[in-house]
Amino acid sequence: MPCRGFMATPKRNLGRQTPAIACRAASTQAPPPAVASEGGSSGEKIRVGINGFGRIGRLTLRAALKNPKIQVVAINDPFVDPKYMSYMLKYDTVHGRFGGDIDYDDSTLIVDGAPIKVFTSMDPTAIAWGDSGADYICESTGVFTETAKASAHFKGGAKKVVISAPSKDAPMFVMGVNHASYRPDLDVVSNASCTTNCLAPLAKVVHDAFGIREGLMTTVHATTATQKTVDGPSRKDWRGGRGAAFNIIPSSTGAAKAVGKVLPALNGKLTGMAFRVPTADVSVVDLTVNLDKPAQYEEIIAELRRAAEAELAGVLAVTDEDVVSSDFIGDSHSSIVDAKAGIQLSDTFVKLVSWYDNEWGYSNRVVDLIAHMASVDAKV
């Protein structure tokens with residue numbers, strides 16, 4: 001029998017309400033036009049499995065539950081049983097209480113009456129995705145980020161795998177930037193990183209309109225689970241081993257270079273670094289570029305507004321208000337340009353600033369990419 005310890009909380013959203021910011025773009029919860037009407041064939045829901053119930057795994061589940069085209073049918077995590085899963089889904093320090101009903105039994109998480117099969121396998125080849133009908137797998141452990149490793153899911157019956165991290169060899173797709181190049185013969189793909197999802201739409205609009213000769217990016221990035229709560233050993237990254245709550249920590253990032261993989265025209269033109277800062281969520285990109293075509297700052301912002309209201313609606317937004325990082329908790333856009341924060345030295349040298357909820361925004365793009373893939377696959 002289902003256990004009744006985690007039942008109806010007051011009906012709220014699946015996280016905090018999106019802040020009332022004058023973004024001059026589509027609703028913060030609206031999917032981009034490319035995926036707004038997509039789904040499986042014959043009106044069937046897209047059946048999804050999640051491997052890894054960490055930050056991105058849990059928020060991908062929350063995002064999927066808001067998408068009527070998606071049905072999460074299975075979750076695998078060797079460290080979390082259904083009882084603990086129900087607790088982790090219900091309570092979230094950053095995004096607030098889950099707004100629906102949660103039950104569980106020995107092998108099932110039950111969300112708003114819908115059963116989700118729970119597996120606890122360490123070995124991805126042993127996960128019986130096919131038994132639950134899971135076709136598309138969100139690989140969110142952070143471990144199986146290469147094509148060969150992620151392909152282990154196929155042995156259990158999965159059809160496609162989306163890696164929720166950058167990959168050395170899997171094709172990377174960023175919604176609103178290069179998602180249209182997805183092909184049905186691609187079985188393992190990457191949703192890139194949260195920072196690349198913020199940077200790439202911004203860089204694309206600027207490059208298409210004004211040309212980027214070269215650029216440097218810095219992301220001021222919220223703390224993540226890979227960091228240490230207090231000073232500890234970190235052999236590959238000594239600074240990364242310092243206490244996350246007490247320091248601003250310089251770090252490396254491949255996000256800027258990865259833009260060249262999703263936008264070949266910018267390959268070799270961008271690089272960047274990161275500062276890890278002691279905040280729980282929301283990060284910000286500082287993109288400083290030399291332009292090919294002279295432009296005033298207002299012209300650049302106007303072009304970003306146009307794109308945010310057109311082809312990049314739901315992915316890109318622009319705000320004119322005096323915002324700070326916590327104002328973007330729960331914003332599902334990939335990139336929110338801060339019009340007041342950017343500066344310009346000359347008509348070809350400009351700094352642009354764009355915020356992103358590195359958890360919620362990214363998780364929504366994972367769901368959008370799966371929906372897009374299913375739409376393309378259904379046409380074959």
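Positions of Cβ are set from backbone N, Cα and C atoms, glycine also.
The record from TrEMBL ties SER193, CYS194, THR195, THR224, THR253, GLY254 to D-glyceraldehyde 3-phosphate, and of the options ARG235, ARG239, ARG242, ARG276 it ties ARG276 to that site too.
Sequence-distant contacts (6 or more apart, same chain, Cβ under 8 Å) of GLY254 (D-glyceraldehyde 3-phosphate binding site) comprise PRO166, SER193. Of the listed binding-site residues, namely SER193, THR195, THR224, the sparsest CB environment within 10 A is found at THR224. Long-range C-beta contacts of ASP77 (NAD(+) binding site), restricted to its own chain and to partners at least six residues apart, with a cutoff below 8 Å, comprise ASN51, GLY52, PHE53, GLY57, MET85, VAL118, PHE119, THR120. Per DSSP, the domain 'Glyceraldehyde 3-phosphate dehydrogenase NAD(P) binding' (46-194) is made up of 41 helix, 39 strand, 69 coil. Here the CA atom of CYS194 (active site, nucleophile) lies 9 Å from the CA atom of SER164 (NAD(+) binding site). Here the candidates are the recorded positions ARG55, ILE56, HIS221, ASN358. The one whose C-alpha lies nearest to that of THR253 (D-glyceraldehyde 3-phosphate binding site) is HIS221.
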